[in-house]
Amino acid sequence: MKATVIGAAGGIGQPLSLLLKQSPLVTELSLYDIVNAPGVAVDLSHINSPAPVAGFTPQDDGLAKALKGSEVIVIPAGMPRKPGMTRDDLFTANASIVRDLALAIAENAPKAFVLVISNPVNSTVPIFAEVLKKKGVYDPKRLFGVTTLDVVRASTFVAEANGDNLNAGKYHIPVIGGHSGVTIVPLLSQAEPALKDQSKVDALTHRIQFGGDEVVNAKNNTGSATLSMAFAGARFALAVIAAAKGETKDVPDFTFVDLNADAEGAKAIKEVIGNDTAFFSVPVKLGKDGLEKILPIGKTSDFETEAIKKAVEALNGNISKGVDFVEGSKL
Ligand code: NAD
Ligand code: LMR
């Protein structure tokens with residue numbers, strides 16, 4: 001299983017590459033960045049886990065070499081936020097980066113699973129989809145926006161609110177919608193174990209929606225979440241790889257996908273969000289060919305139903321912005 005990290009020399013890219021290198025599920029690791037990836041690759045190559053590691057930069061057709069034969073491509077390339085910025089403020093810097101990466105993937109690894117971390121995820125995933133469609137290689141079951149950090153944060157924050165930090169890893173809280181502010185909708189009514197003090201629902205929902213800001217502000221102009229994101233990104237990438245190898249598990253993964261990936265499974269969520277929202281983070285079952293099934297979101301509280309409405313409004317604008325950007329691009 002050849003995995004490739006694009007943006008591998010960055011704040012997320014380096015620890016994410018380390019976590020992938022540690023996994024026996026990865027048997028070849030390829031790192032690409034516009035700078036420094038060969039050095040990161042040599043460093044990781046001294047670790048005595050199975051995967052050989054190679055690093056590439058744009059020289060000598062490095063991107064094509066990094067991508068050829070890749071089965072999973074994880075993309076944390078592009079600018080992170082600074083205090084006061086929204087994720088949408090990154091659109092100008094990152095939209096053309098992901099568009100060009102999508103073009104290269106269409107040409108060199110059209111069958112790979114593509115996991116998009118670059119923000120704004122609500123727009124960069126639609127950009128990927130549109131480029132791959134235009135190149136005739138789009139398979140919505142193989143394109144994933146990585147929203148695992150929202151799920152990880154939800155479990156951490158709810159366990160903390162319950163005074164149960166030691167068991168945070170055992171908490172399951174569905175988080176649906178998109179990946180920015182109000183588009184992030186945690187379903188705290190379905191938390192397992194349950195949130196003990198229901199008067200905390202409002203504050204916890206807000207904390208999960210704006211958890212990224214906590215890190216951006218604490219890092220004080222030096223970037224956004226990198227280590228927790230690497231943890232979350234590796235967790236999701238390894239789930240995709242394990243499922244591709246035929247492993248099954250009981251709990252769903254949550255990821256921002258094109259709802260056409262499973263039109264039948266998406267019917268229930270469309271009854272809640274309407275037909276205008278093409279992408280949504282939903283619970284999914286992964287399988288050999290990527291997304292196997294979109295799972296039901298379960299019963300939502302009135303508070304959550306309201307939050308979903310607000311999420312949809314904001315999300316539709318983010319999605320159209322990505323689609324329009326590709327429409328206006330010469331490919
Ligand atoms: P960073 O600046 O530390 O690293 C980004 C890396 O991308 C750099 O090494 C840079 O050289 C590289 N890069 C830039 N253009 C490239 C290109 N065309 N091809 C290949 N590599 C390129 O940033 P970071 O903190 O690692 O964050 C990366 C992205 O991930 C940001 O957009 C950030 O907002 C996003 N992010 C997403 C989530 C999420 O939950 N999905 C969480 C955290 C951060
Ligand atoms: C996060 O949720 O931490 C990331 O999307 C980075 C950010 O900009 O907050």
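In case you wondered, yes, glycine gets a Cβ from its N, Cα and C as well.
What TrEMBL records for the NAD(+) site is GLY7, ALA8, ALA9, GLY10, GLY11, ILE12, GLY13, ASP33, ILE117, SER118, ASN119, MET229, and among ASN48, ASN94, ASN217 the residue it adds there is ASN94. For MET229 (NAD(+) binding site), the same-chain residues 6+ apart in sequence whose C-beta sits under 8 angstroms from its C-beta are ILE12, LEU16, PRO76, ILE117, LEU149. If you compare Cα positions, ASN94 (NAD(+) binding site) sits closest to ASN119 out of the recorded positions ARG81, ARG87, ASN119, ARG153, HIS179. With a cut-off of under 6 Å between the Cβ and any atom of ligand 2, the binding-site residues GLY7, GLY13, ARG81, ARG87, ASN94, ASN119 reduce to ARG81, ARG87, ASN119. Taking CA atoms as the reference points, GLY7 (NAD(+) binding site) and ARG153 (substrate binding site) are 23 Å apart. Neighbours of the substrate site: apart from ARG81, ARG87, ASN119, ARG153, residues of the same chain with C-beta atoms within 8 angstroms of the site's C-beta centroid are PRO80, PRO120, VAL121, HIS179, SER180, GLY212, VAL216, SER224, ALA225. Shown are the recorded positions ARG81, ARG153, HIS179; the one with the most C-beta atoms within 10 angstroms of its own C-beta is HIS179.
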